[in-house]
Every structure is written in C-alpha cells, then in structure tokens.
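Worksheet: one structure, shown below.
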Amino acid sequence: MSFKFLIESLLLGSISGQIRCGRSSVIPRGDVSYGGDDTDELNMDIMLFAFGTLIVVYIVICIVYFFTKQIATRLITAYYNEHGPGQRISLFSDYDENNAHVHSRRLMENMSLRWPNNLDDADEVRDKLAQLSPEEQFYYKQGEEYIKQNPPFLLNQGLLQQSEDSNPDTTREDPIMNEQTRQYIQEEGAYAWEFSPNPDMPNHTVIVENKTEVSFLNYNYDASISTNLPIPCINKVYYCEFKIFETDGPLNSDENVSKGVISFGLSTQPYPYFRLPGRHHHSIAYDSNGARRFNDSFKLNEQLRTLFPQCEKGDIVGIGYRSRSGTVFFTRNGKKLNEKSVGGHIRGWKFQYLYPIIGSNVPCQIHVNFGTYGFVYIEANVKKWGYAKSNGIKLPPPSYEDYGKDTLLESGGEDNDFDEDFSDGDSDNIAAGSTTNLNDDIIIRNGEILPPPPGFEFTMSPPTGKKIINEEINLDSLPMLPPSYSDDEHHSKNDKSAISGRIIGTSRNLITDEASFDSVDNDNEDENDHERDPEQFSEFDDYESRMHGI
C-alpha cells in the first residue's frame, strides 16, 4: 500500500509542478483531492505517456528486426551458395568422421552446383547420350558410376577457413598435404611428383620410367594416369609441360583423326582410369585433336572442337593453374593459347586438390616436366612457376664425369698412368733382351724420387766392427762327392762333414785357410793314432761291433 501511495505522490507532484529546484514535495495522502476533474486529467497524462513509450519501443524493435533480417539473409544466402540448399545450418561443426563418405558426396554435389555443366542436366544428358554408340554409352555410365562410388576428396572451405582462424593446436591436419608430404617435397623438389598407375588397370597398359616418362601400350581403348601428389596451391601460379616424345604413327591423319586421341589435363581424384580426362566431373583437358573438354563426354560444338591447334609427335603442351582465381590456361610449344572465342579461360575452378593427368587410347610415350629442368614457355622460367625447386634440399649424387677433380680418384689416376707409362716404356727394352735394375731411381710425374724397394740387406742390421765380405752362394760351393758311410772311412766322413759345414756360407779365402789348417790337424791326429795303445783300438772295435749288432 505504501508503494502505491509513493507512486501516486510522484505522479501528482510531477504533473502539478510541485517538484521545484531539484527537490520533490511529497503531498500527504490525506491532502490529495480525488475530484472528478483531477482524476480525468491524471488518466489522460498517463495514457499519453504510455502511448509514447509504446511508440518508442516499437520503433526500436523494428530497427533491430530490420538489421537482423538483413544480416541473416546475407549469411543464409552465402551459405547456400557455398554448400547448397540441401545442407543443414548449424552453429556447431557437423562434420562426422563416421559419415565421411556421405560428407564427400555432398561436397561433390555442391561443387557441381557451383560449376554447372552438361552432365548435370538429366534431360540434356538423355538426348546427347542417345547420339553415342552403345560402347560409348556403356563406358560413360561406368565412369559416372565410378565417380559416385568413389567421390573425390574435397575439404569444406568454410571449415578450412575456420581452422586457420582458430587455435593452431586444435586445427585439423590436412590428410593429403600434411607435414610429412611437405617435408618430402622440400627434400625432393620437383622430383617428388611421379605418375602412378591405378592398381585395377590391366597389366602392361601403362609403363612409368624415371617417375615422369609415361608409355601407353593400349590400343583402341581409353586409359589415364595421374600423379601421386596434387598441386600444392601455395604459390599463385603452377605450370607443367607434357612432351609427345613418341607416337605410333600420325595422330591426326584421315584414318586416325576421330579415334587416336591423347589428352592432357587436370582433375580431382579418384578419376576413372578407363576414361580420358575432361569427360567427367571436375576435369579439364586439351585433346591432341585440338578440342578443349571441360566436364563433357559428348559431341562438342564446332568452336570447342577446333579451339586449339592439333598436336603431333614432338609438340609440347603446357597447363597452367592460378590457385587464387581458379583459372586454367594452356600453351603449345611455348606460346600461350587464346580462348576468347569460347568466352576466355576457365575461371573460378577452385578445388583443394587438383592432379595432373594424362590419357590416351593409342600407343605413345609422354615426358612430363614439373620443374626439374627449364620450360619451353619462357614466362614460366622467369617467374619460376614450377611445382617446386628443381632439386630441393636433398644433396644430389656425385658426378663422375670430371673424376680428375676428386682427390682420391686423382691419386688413383696417377698410379694407373704411371703403370701404363712404365709398361709402354719398358716393353721395347724387355723385347730386346735388356734387364732393368730394380735399384734404379724411380721418378714420378711430379719429379719426386721414390725410395728403392726393400732388399735382404735391409732385413737385419749389418754387424758392426767386422768387414763385410760379398760372397756368392751357388752349387759350386757345395761338396762334389756324396758322403761315404763305410766303416773304414768313418773318420774321413766326420772330417769332410765338418769341412763341408765350414764351407757352406763362407768365402773362398776362408775355405782355403781352413782346409790347410785341417790338413795339418789330420796329420797330427794320424801320428797320434800310431802312437796310441793297441788296447784302445780293440776297445773301440768292440764298441763298433756292438753298435752294428744293435
């Protein structure tokens, strides 16, 4: 009751002008008059005040609603343009790893909505499909079914942008161009890209040599092969060249103009390996017959069929991709091709992963350059549009062409050269019967003298304080007669063996001196023997007889 009285007092005081000089005069309840005129005046003022308040609130609500509607309309329109009208809008991430296959198929359908083509209109496809042969219809349906069963891996651009703006620790790693792949590209450079055939492809259809030399062995049926890595999409422009190195006859002859085709292009993966590029969704190609195909498997009009010049053996076709704008351009033999007659280059063709692809239905050999060596297109060399550096940071193998610059190999080369010179220089002398002294000084190429080879005189130190006598040991220094083993010559045998022991290894002078000395000793011994007692001889004879008996 007191709260109601306070409100009435404030209202009456404000209306009657009793609030003066910042002060409010509260009128007691008993002094308030509730006459009829005052009551009507009070109710009118309250109604006017309430009505004005409602108008102000309504205007504020209308303004908020208008701005909210505009913002929501723009957000929803942008979301539908990017994800399609069939997608559910959610404030949270609706990506489910368990439904990755369904998610990829939805993204593929959304990409088709962004770049409409002849394959998306069912009525138009039905009419054009009827114009194809039964075999072509079969392969077209097989290719479309292959893409439906194996949708290309596409990342949601909105999720990618969100992950870039969020905390780096919580970002989702790129499953293809991850840190390991980037490290591999940094080490290998442009050699990181190589063509890999599909495992389901028939044997001996495509042979890959040296990573980028592709040989097609198929005849009268389509086959295609793509690289193991996509375009990095880090730089602004990427460029590669395809050289028709070898063909099985002319490509554009009167008999082969409608059958033999080699296609060079870009596509998403996986792509039907039994179809040429440019025939199905998310692929573009330059055909060797001069046509440009962009998601079109049917008969082309005259402008697209003759847009580019025809290719033959030795021609070089280049494909450039601008990652910022999604523009694809083509070159032939170093000259950029004009596409204004069909509306210019294809623009806005942005994908997270695009792979270089080659297709053919005739035997041929194609060499591809991703930046390992110079391009024929000069602008690509100047602006360095290759997929990566030519060699990367990995050290190349040593070159064996100039082996003389290597220190180890140079020393080996000198030894070989000396051996050849020695054999060549001495061959004439050896044939003439001359001998070569091994103790002669050997002079090498640099003018240095090598030490003589080691001999027996250096195997042991010579005796000091004695005169060294050079002697020659041969068969003449040995005794001529064999030793006698008879009883009568027992003493002479012992003497000769002693003499022969002294002869071996001594000089001739020493031999003569010792021989004379031994003869004197023998004479003295004979005299002593005659002077000995006969009993001693008898004892000696008994001893010898016992020895013979034993």
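Cβ atoms here come from the backbone N, Cα and C positions, even for glycine.
Annotation source Swiss-Prot lists domain 'B30.2/SPRY' at 172-375, citing sequence analysis.
The N-linked glycosylation site annotation in Swiss-Prot covers ASN110 (among others).
Swiss-Prot lists ASN203 (among others) with the feature N-linked glycosylation site, giving sequence analysis as the kind of evidence. Sequence-distant neighbours of ASN203 (N-linked glycosylation site) (same chain, six or more apart, CB under 8 Å from its CB) are absent.
Residues annotated as N-linked glycosylation site in Swiss-Prot, with sequence analysis given as evidence: ASN210 (among others). Within the same chain, no residue at least 6 positions away in sequence has its Cβ under 8 Å from that of ASN210 (N-linked glycosylation site).
According to Swiss-Prot, the feature N-linked glycosylation site maps to ASN256 (among others), an assignment based on sequence analysis.
Under the DSSP three-state reduction, ASN295 (N-linked glycosylation site) is assigned to coil, being neither helix nor strand. Feature annotation from Swiss-Prot assigns N-linked glycosylation site to ASN295 (among others); the stated evidence is sequence analysis.
If you look up Swiss-Prot, you'll see 479-550 marked as region 'Disordered'.
Among the features that Swiss-Prot reports, topological domain 'Cytoplasmic' is placed at 1-45, with the record citing sequence analysis.
Sequence annotations record features per position, and here Swiss-Prot assigns topological domain 'Lumenal' to 67-550 based on sequence analysis.
Feature annotation from Swiss-Prot assigns transmembrane segment to 46-66.
Classification of ASN210 (N-linked glycosylation site) by DSSP places it in coil, neither helical nor stranded.
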